[in-house]
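**Student:** Before I ask anything, let me first share the structure, which is written out below as structure tokens.
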Amino acid sequence: MAWPRFLQRGALLTSFSHHHLAVFLLTFFSYSLLHASRKTFSNVKVSISKQWTPNAFNTSLDLPAEIWSSNHLFPSTEEATLFLGTLDTVFLFSYAVGLFISGIIGDRLNLRWVLSFGMCSSAFVVFVFGTLTEWLHFYNKWFYCGLWIVNGLLQSTGWPCVVAVMGNWFGKAGRGVVFGLWSACASVGNILGAFLASSVLQYGYEYAFLVTASVQFAGGIIIFFGLLVSPEEIGLPSIGAEESSEEDSQRPLIDGAENEDDYEPNYSIQEDRAVVQVKAISFHQACCLPGVIPYSLAYACLKLVNYSFFFWLPFYLSNNFGWKEAEADKLSIWYDVGGIIGGTLLGFISDVLQKRAPVLALSLFLAVWSLVGYSRSPNNKSINALLMTITGFFIGGPSNMVSSAISADLGRQELIQGNSEALATVTGIVDGTGSIGAAVGQYLVSLIQDNLGWMWVFYFFILMTSCTILFILPLIVREVFSLVQRRQAHSLNE
């Protein structure tokens, strides 16, 4: 098999300028900060739960129970835990709805404005939710739900915008490697959020929210003044213009349209002619693009599992093994480390094969067995961290790949070549559908855990991972068949 052109003689690195590096870093850290603020909430759940429930007794004063309970939301830790799961669900549902809207807005307004507004506004809401309410000793379930709905809508501006900006600057050559490495932004944000939360948690959970909100607000200001959303802003040719000018430009990895006398076409592109559009495509048109619906449904199942680890892993470690909250926060970082390595390595392999679905399928198959192994992890931090890293590799890696490289492929496939106003919409559809699945999943996780225990939660994860494979099965079959035909043709030519 011949190596892709971008891997030969360092062609990929030489095609990048300092503008590409600046865009890579700014979008990377902007989404990292958004994820850090989300991670803060999951990392302080135990502290919040204690604050929202009354103490069993108080030896300093002998007062009636109603006095001690007057400033608390719930009579028991179990009810507080269930409400925390409800908040996760509320956030993800509003986040999912916001993704569909933000994708459309991002394709019609300046991406820099939308991203900066979302970051700064979300930071303010997080400050009010976690810090101001605690300083004022104001506890109200409906107020918390309302704030978290608004936060979900504001946070949804992030992913479609950053993926669209990256798609404007980085072409299909080496997209798996570049986006695989870049998609580690979510995992880096999780690590950053865990470290920030654990470092100030001893002073009170409100300071964890204060620190992450402040850093995120500052990041939004930097994005507003420093981000270039496309090469055209500084007089450089667009990615589409550069790629169309190359005589032997690479075939899109989601695109199965081969040369006319070549092999079986991929599932994702079924027309030979590119339709050139000028205006932003509609939501319905984006949904009808080949490959969008299968990957969206698959991502609904996969993101459910990935976000369950994101929201519940520190709580699981504290609840199931009795480890201290700060220790559980730091240990949960290893899941994100596995996701970073997995996303980058899987992206590289998919670039070499020039196909995404087979790589995704193999990783998800191994993810099932990694979930089985992690569910039986002993009460040993070293072994748990190792199994957690492996699980993150096979769950977080494919999740990063679908939400970044594959979404970019879908939004820039040949069927809509010449239209740069589709990427944010397509990304919003894929990630929005995934977030709906994740939203339903978070509430189910809390119910399953409360009634059946943690082992049944892992059985549920295994089922959802298997469903992910089923939804993209037609793409897997077509792309594997295409690879076999290519291999046979290569052997005949030799």
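Keep in mind that glycine also has a Cβ here, set from the backbone N, Cα and C atoms.
Look at Swiss-Prot and you will find Asn58 tagged as N-linked glycosylation site. Under the heading region 'Disordered', Swiss-Prot lists 240-261. Positions annotated as transmembrane segment by Swiss-Prot, on the basis of sequence analysis: 10-30, 81-101, 113-133, 146-166, 177-197, 209-229, 297-317, 333-353, 357-377, 386-406, 428-448, 457-477.
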**Student:** Among 113-133, 146-166, 297-317, 357-377, 428-448, which stretch has the highest count of C-beta pairs below 8 Å with the transmembrane segment (209-229)?
**Tutor:** 113-133
**Student:** For the transmembrane segment (333-353), find every same-chain residue at least 6 residues outside the stretch whose CB is under 8 Å from a CB in it, and list them.
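**Tutor:** Here the qualifying positions are 1, 3-4, 6-7, 174-181, 183-184, 186-188, 190-191, 194-195, 253, 306, 309, 313, 359-360, 363, 385-386, 388-401, 404-405, 483.
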**Student:** Is the count of Cβ pairs under 8 Å between the transmembrane segment (146-166) and the transmembrane segment (357-377), pairs 6 or more apart in sequence, 3 or more?
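**Tutor:** Between the transmembrane segment (146-166) and the transmembrane segment (357-377), contact is absent.
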**Student:** What same-chain residues lie close to the transmembrane segment (297-317): Cβ under 8 Å, and 6 or more beyond its ends?
**Tutor:** 38-39, 42-43, 45-46, 81, 88, 92, 190, 194, 323, 325, 327-329, 331-332, 335, 339, 364, 371, 384, 388, 391-392, 395-396, 398-399, 402-403, 430-431, 433-438, 440-442, 445, 454, 457, 461, 464-465, 467-469, 471-472
